[in-house]
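Enquirer: Once you've had a glance at the structure underneath, I'll fire off some questions.
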Amino acid sequence: MVLDNLGSSLRGTLETLQGKTRLSEEDVEAVVREIQRSLLQADVDVSLVMELSDSIKTRALKEEPPGGTSARDHVLKIVYEEMVAIVGESTEIPLEPQTILLAGLQGSGKTTSAAKMAWWFSKKGLRPAVIQTDTFRPGAYDQAKQMCERAEVEFYGDPDESDPVTIAREGLEATEDADVHIVDTAGRHGLEDELIAEIEEIEGLVSPDLSLLVFDAAIGQGAKEQARQFEEAIGIDGVMITKLDGTAKGGGALTAVNETDSSIAFLGTGETVQDIERFEPNGFISRLLGMGDLKQLSERVERAMSETQAEDEDWDPEDIMKGSFTLKDMQKQMEAMNKMGPLDQIMDMIPGLGGGLMDQLPDDAMDVTQNRMRSFEIIMDSMTEGEMENPRGVGASQVRRISRGSGQDEETVRELLEQHKMMEQTLKQFQGMGDGDMQRMMKKMEQQGGGGGGMGGFGPF
Ligand SMILES: Nc1nc2c(ncn2[C@@H]2O[C@H](COP(=O)(O)OP(=O)(O)OP(=O)(O)O)[C@@H](O)[C@H]2O)c(=O)[nH]1
């Protein structure tokens, strides 16, 4: 999203402060101007931008950087804290039985978000059900049903019933064994009286514990009015911002959240049911500022690893840290990597890599890397069990055979073997480490956040 630009433009400005221990008024002005420009471009409301830049300016000039802190880090910390204050706390979502009502305009992503949330609750060990009351859009029933099948969660809808309130009532009865009920509602192009009357009636019937408003990140300034009307009709406890993976500006949604005193519950970052993140203000702003988001990263790694392991019970990632690292382990790691989502999203979560590295890479660098991973996967499919277990024993004639069998050139086969060797060596270093060493390394990565460092140490990809 365009707010990403904030990270790279801000980093550029902050670099000019490198080596300084004191800040002049001009230095602070320059940083604040850059922030204003990025936020306005991202559609954040003007008064909010002014409020934010005033507080950053006042604090940067008044507060003394703590001993040993550079002027650059001091400003970055202030910007970070003030931005976290704007987006506010995340909406509280208790992990217990409850009913959630989703509201929003047509196309905002409600149906998709309902299935995503159900998937999220199911991963937390609860039993969710989605109730589809959208009788307005003809395709809504099939879409919701399909997505719930993909998410492997219970679904209720009735394509032959035209009254949404009846569907809601019957849906709650039919899914009474579920503990989290997510009620999806119809959208309209605009906020017609009919839509408001309908959602009020559904709200009265289901008495939700939580009413969430779903916003498309591209909403722009219209968000404020929308949020106000839904707030009046049913009371909004939080919002879900969707399509943050796209080119949307996102700032309108931030403005609306700020204006309505509501908080952000979830973020939608793609079209599949797994593309949902719980909103975490610190991680979100860290990522915007190119400082990474280790929490989100480790959650994704854990999820991908356990899914990969569930598919092949003979494989245990823990073994890698103890014994030898075979090509089969590398193959499994690549499978897990694919499950983690698009590479550029993952890069943004790594402190010090994020925006900084992305700015330096050519536009197609991610595609090249992903294509190379795909070639590696095809090559590995053409290798024998023995070769996968002992890649160091693969000689020239085997390389030729694998190349012919996979349709990939010999050079790429050799590259794969080289890559494996490098990973094996890197792992050998880790194998000697205790938990304390690992923690120190993670800490170091966190401290380097925002420094725009290079690829150093981050595996081969
Ligand atoms: N890229 C991306 N697309 C999304 C995301 N969330 C939803 N979409 C897409 O946005 C479109 C609209 O989403 P729906 O879930 O149908 O929207 P809706 O609000 O239920 O629409 P109505 O039922 O007409 O009110 C679909 O094509 C979704 O695939 C997201 O986080 N990222």
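Going from the start of the chain as shown, residues are counted 1 onward.
Yeah, the Cβs are placed from backbone N, Cα and C, and that goes for glycine too.
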Enquirer: Given the ranges 57-78, 387-408, which one is assigned the annotation region 'Disordered' in TrEMBL?
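Expert: In TrEMBL, residues 387-408 carry the label region 'Disordered'.
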Enquirer: Within 10 Å of the Cβ of Lys110 (GTP binding site), how many other Cβ atoms are there?
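Expert: The Cβ of Lys110 (GTP binding site) has 25 Cβ neighbours within 10 Å.
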Enquirer: Under 8 Å between C-beta atoms and at least six apart in sequence, can you list the same-chain neighbours of Thr185 (GTP binding site), or say none if there are none?
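Expert: Sequence-distant Cβ neighbours: Leu101, Leu102, Ala103, Lys110, Thr133, Asp134, Pro164, Glu198, Ile199, Ile202.
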Enquirer: With respect to ligand 1, which members of the binding-site residues Gly107, Lys110, Thr185 satisfy a Cβ distance under 6 angstroms to one of its atoms?
Expert: Gly107, Lys110
Enquirer: Provide the number of Cβ atoms within 10 Å of the Cβ of Gly104 (GTP binding site), excluding the reference atom itself.
Expert: 27
Enquirer: Would you mind splitting the domain 'Signal recognition particle SRP54 helical bundle' (2-87) into helix, strand and coil residue counts from DSSP?
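Expert: Counts, helix then strand then coil: 65 helix, 0 strand, 21 coil.
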Enquirer: For Leu244 (GTP binding site), what is the tally of other C-beta atoms lying within 10 angstroms of its C-beta?
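Expert: Leu244 (GTP binding site): 22 neighbouring Cβ atoms within 10 Å.
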